[in-house]
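Annotated features in Swiss-Prot:
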{"type": "BINDING", "residues": "Gly165, Arg166, Ser167, Ser190, Val231", "note": "NADP(+) binding site"}
Amino acid sequence: MAATILQGKEVAQSIRAELANEVVELKKQGVVPGLTVVIVGDDPASHSYVRGKAKGCEEVGISSEIIRKDADITEEELLVIIQQLNENPNVNGILVQLPLPAHISEHAVIEAIAPEKDVDGFHPISIGNMVLGNDTMLPCTPHGIIELIKRTGTQMAGKHAVVIGRSNIVGKPVSLLLQQENATVTMCHSRTQNLEEYTQKADILVVATGRAHMIGKEHVKPGAVVIDVGVNRIETGKLVGDVKFDEVKDVASFITPVPGGVGPMTITMLLKNTVAAAKKQAKQ
């Protein structure tokens with residue numbers, strides 16, 4: 001039986017419609033959610049992501065600003081900009097687009113953002129709160145993955161979830177969020193031996209390795225929910241995931257396509273975090 005294709009775009013659209021209604025209500029109370037994105041250098045992929053974020057803001061009624069800086073900006077100059085945004089009451093969310101040039105410490109930049117404006121969910125305080133299960137800004141891609149799984153109607157409690165990849169941006173946080181949904185979680189990575197032994201037992205399989213087509217049908221338990229986070233451009237110029245979509249879709253119960261699966265959810269969760277930040281800051 002062929003899998004149901006989990007179109008992140010459709011789920012994202014329904015969440016954005018809910019957010020747009022929330023923003024209308026906030027504006028009636030004089031609160032206009034505001035997001036500022038800082039981008040350094042001229043990486044085409046980064047500029048494309050930033051345009052997507054600005055478009056998303058416009059769609060739901062969030063006020064957005066993009067601050068573009070040349071790659072030769074100093075770390076000190078960038079930290080001054082962040083401090084000014086921290087102090088600006090019209091800015092509810094601050095996002096510094098990664099990656100940054102080598103001479104700027106990502107760690108220092110992320111730590112400089114006020115935790116209440118950390119809509120990417122990367123600040124150590126946000127991460128600590130997530131580990132403790134406290135109410136906090138969740139990292140956008142992992143949060144989007146959990147929302148996608150929920151929309152399949154899959155009960156995560158008691159299920160075996162396998163996460164391949166242990167990055168700070170996806171692998172580690174999504175494994176934590178799956179645990180908080182009471183799944184039993186196994187984390188695999190580049191050093192894991194006999195990968196199939198783990199993946200074949202997964203009711204939920206999240207693949208975030210950045211290696212094109214590394215997961216085939218032989219890795220997948222029949223009926224599993226497969227979430228493909230990878231985005232890889234192959235020699236033909238085509239974008240593909242970490243999963244061999246055409247063969248795995250015949251084994252899985254649900255599968256995300258690339259592109260159009262997890263990607264649209266990431267920006268939508270950023271918008272959700274910005275609206276949540278605006279609400280919290282309005283109460284303070």
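From the backbone N, Cα and C atoms, a Cβ is placed for every residue, glycine too.
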*Using DSSP reduced to three states, classify Ser190 (NADP(+) binding site) as helix, strand or coil.*
coil
*Find, for the listed binding-site residues Ser167, Ser190, the residue with the lowest Cβ contact count at a 10 Å cut-off, counting only other Cβ atoms.*
Ser190
_Recorded NADP(+) binding residues, Gly165, Arg166, Ser167, Ser190, Val231 - maximal Cα separation rounded to whole Å_ = 17
